[in-house]
């Protein structure tokens, strides 16, 4: 009897690790009914995935707001379309008003997600390890964080319009530009890792199949890039017009050819043995993708098939006053897919390249620490950051802030609400994307020539 009593008294201590994880999984002091679904993995990875889920939840709400029929329920909000606003033209069209309401709803939802992650960006500055009390709030208290997220969202939908949409548009422009650059950094890192891994497999297995795979992928990416250039000239240019589009396509194609040639120069190959045409082909295809997104925002009906203006009599016209956006056009759908893949990559990545980790504020392939036997048996996540964090909490949330702004611009197709409460496409979106493509090419060029310009630094 005494032995059973002693074992029952020791039981809470034996189960303490599991109870601590349960406490941190949901709300810190309340039971967690979802912890049994958590895999036996690192606590840092689980936290990033859950925060990414919060972002995707916001994206889902945005998609619902853009769905047909939902705009009829948005007229009750302070920023709904006023009855009788405008007397002629597109503002009398139900389609235009619905698009306007959907766009403004997306602005407010993305404002809520950006504000939520910016709050954590500030709170998590200089967190060095899980021993910091703030780390418990980063990796736990999920129920209360969800309540905060819902509260910010509800408040955002009652923000009076005024100049909110116009001001928030420019926040979205800057944030989306920075997120495009982050996408490119991740793409360069992915291409380098891919090339390095397949070359290692080829040397290890002494098989030419891996070399054939590299050649095939490189050829495929360059072929897709050539097809993209041809399609851009066909659909986004005219023989006697669209001179800006012709310049953008030709210039980006020339720059891609230049970086491809530089990537295989003997001096570059000697300094960067892992550089090659595979990485250059990936960057070329991505540059053509960004060029396509830029041309899809050109505010000229002759050069952009995505611009439509709808009048009450059912005719479709195009002009500088009040474009009706097509939410589910090809650029928006492809941009949404790329956004989801990039955001998931941010939430789980750890690079093999020191320079990328320094830029992204992550640890270089941290070793997987072994949790306690009881945690592994229960399928629970374990704390792997007691000696130091494996990624910058603050910078991770800042990336999600930029992601929120980028998806806002993607779903609204970079259209800005005009003074007459219409959807207006501007050259701002075009130049932001084109400049982002140039900055990305310059960044990739720097990764090629930096070892030659700075021979005393280690770029291995």
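Residue positions begin at 1 at the first shown residue.
Glycine is no exception: its Cβ is also placed from the backbone N, Cα and C atoms.
Those TrEMBL annotations? Automatic predictions, nothing curated.
Range with TrEMBL annotation transmembrane segment, chosen from 82-104, 105-127, is 105-127. Among the ranges 167-188, 299-320, the stretch that TrEMBL annotates as transmembrane segment is 167-188.
Between the listed ranges 11-29, 30-48, 277-295, TrEMBL ties the annotation transmembrane segment to 277-295.
With Cβ pairs under 8 Å as the measure, the transmembrane segment (277-295) is packed most heavily against 167-188, out of 49-70, 139-161, 167-188, 330-348. Among residues of the same chain six or more beyond the transmembrane segment (105-127), those with a C-beta under 8 A of the stretch's C-beta atoms are 51, 54-55, 58, 61-62, 65-66, 70, 74, 79, 134-135, 137-138, 148-149, 152-153, 155-157, 159, 164-165, 168-169, 171-172, 175, 389, 393-395, 397-398, 400-401, 404-405, 407-408, 411-412. Counted as Cβ pairs under 8 Å, contacts with the transmembrane segment (395-415) are highest for 167-188 among 49-70, 167-188, 209-235, 430-454. The transmembrane segment (49-70) makes no contact with the transmembrane segment (209-235): fewer than 3 of their CB pairs lie within 8 A, with pairs spaced 6 or more apart in sequence.
Note on the transmembrane segment (167-188): residues 107, 110-111, 114, 279, 282-283, 286, 290, 338, 342, 345-346, 349, 356, 359-360, 399, 401-406, 408-410, 414, 416-417, 428-429, 432-433, 435-436, 439-440, 443-444, 447 of its chain, located 6 or more positions outside it, place their CB under 8 angstroms from a CB of the stretch. The list of residues near the transmembrane segment (330-348) in space but at least 6 beyond its ends in sequence, with Cβ under 8 angstroms from a Cβ of it, reads 45, 48-49, 51-52, 55-56, 59, 182-183, 186, 190, 289, 292-293, 296, 306, 396, 399-400, 403, 406-407, 410-411, 413.
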